[in-house]
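*Asks:* If you look up TrEMBL, you'll see 9-29, 41-59, 79-99, 105-132, 144-164, 188-207, 219-241, 272-295, 307-326, 338-357 marked as transmembrane segment.
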Amino acid sequence: MERISSHQFMILGASVLLGTTFLPIASMVSEVSSRDGWMSVLPGFALGIPYGLMIISLLQQYPGKNLLQISELLLGKWIGKAIGILYILITGYFGGLLLSQAGDIYGSSIMPITPIGMFYLGTALLVFYLINSGIEVFARFTEIIFPFVVIALILNIALSIPRIEQGELLPILSEGIKPLLAGGLKVAPFPMEYCLFLAGLLTFLPTDKQEFNKLKSGVWRAVFVVGFLNMLVVIIQITVFGPEETVGLVYGILVLGKMVEVSRTLAGIESLFLGAWLGALVIKSGAFFLTTIWGLKTVFNLKGSKWNIGVIVVFMGIASSFRRGPSLIAEIGMVDDYLILPFTSIWLLALWGMSHWKKGANQ
């Protein structure tokens, strides 16, 4: 059985949690919270801390098992199987949408003439190679790529500071607290995506007692780092474009990349940023490819890696059914808001509550 270290767990978790959230997040929170949207980002991501700690506590009670296996133990075989099938359908469909986003991002920014299928195929082949190499290789890949993604984000933000319009963040809380709650609800599906990945990752985590504190620390560190980065992304877009224009910019951070100039001699370097961010997209797509495979192996007891080919073909089919533009973004939002958020939040609470009830009953 492959294992990853607690440090790799933290980096891998942060990479999956970050994914491509920095692309649409400013538009999402500005739509419901206007200029105060940046204040709803960290609280929204913070939802991942209690849920992540619930998952680690279940690992302590049931070492070596993933949440689908734990569901069958706590809720019964047939309810557990039903949850597993929902898990496969949701993660598989969402993974295909993420693959489609590769074509949307690159096709709408720097390579509009290239056939969109080439982006799907290239990303799918890279994901397939990484996943077939094993979770340890995937974790090492994230250790290498994640720092470049963060550096690209910070550079884009820092080089956009000269374009800031003073006063765009004022007045603070002009519309009260209610818009912040709506903004936090828009962000909440992101940590739930992270929890879906953790649900299957449990079998690859260390189970020594001294490691559990490191795993718990890895959860809140990953959530804080990603939440803080996304908060900076929202702030820079609101202060450069204003809240009204930010709402209409689905990929506002890419627009900022096109505007970046260095000493008035170097411009149009968004392709460099996109190169790093492709790594983030590959990691997120790979994570949901893994969750789908883990679900299939757990629920249907499938063996071997031949099923990986079928899953990647399904991903390609889902990606090909969506074209560039608002329809893809709307579909991702629908899956986040109406499938991932309610399913994951209710499932994890039910498992955690049932495990504590059974633990108390046995004492």
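Cβ atoms here come from the backbone N, Cα and C positions, even for glycine.
Note: TrEMBL annotation is automatic and uncurated.
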*Asks:* Apart from its near flanks, which chain residues at least 6 from the ends of the transmembrane segment (338-357) lie with a Cβ under 8 angstroms of it?
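*Replies:* Hits for the transmembrane segment (338-357): 51, 54-55, 57-58, 61, 67, 70-71, 74-75, 83, 86, 90, 94, 188-189, 192-193, 195-196.
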*Asks:* Between the transmembrane segment (9-29) and the stretches 41-59, 79-99, 219-241, work out which stretch tops the count of Cβ pairs under 8 Å.
*Replies:* 219-241
*Asks:* Cβ pairs under 8 Å only, please: of the recorded stretches 79-99, 144-164, 272-295, which one is richest in them relative to the transmembrane segment (105-132)?
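*Replies:* Top-ranked stretch among 79-99, 144-164, 272-295: 272-295.
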*Asks:* Is the transmembrane segment (188-207) in contact with the transmembrane segment (79-99), using at least 3 Cβ pairs under 8 Å (sequence separation of 6 or more) as the test?
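*Replies:* Contact between the transmembrane segment (188-207) and the transmembrane segment (79-99): present, because at least 3 Cβ pairs are under 8 Å.
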*Asks:* Name the range, of those listed as 41-59, 144-164, 188-207, 272-295, that has the largest tally of Cβ pairs under 8 Å with the transmembrane segment (219-241).
*Replies:* 41-59
*Asks:* Would you confirm whether the transmembrane segment (41-59) and the transmembrane segment (188-207) meet the contact rule of 3 or more C-beta pairs below 8 angstroms, pairs 6 or more apart in sequence?
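*Replies:* The transmembrane segment (188-207) and the transmembrane segment (41-59): touching, yes.
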*Asks:* In the same chain, which residue numbers or ranges, 6 or more beyond the ends of the transmembrane segment (144-164), come under 8 angstroms Cβ to Cβ?
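*Replies:* Distal contacts: 11, 14-15, 18, 22, 229, 232-233, 236, 239-240, 253, 256-257, 259-262, 272-273, 276-277, 279-280, 282-283.
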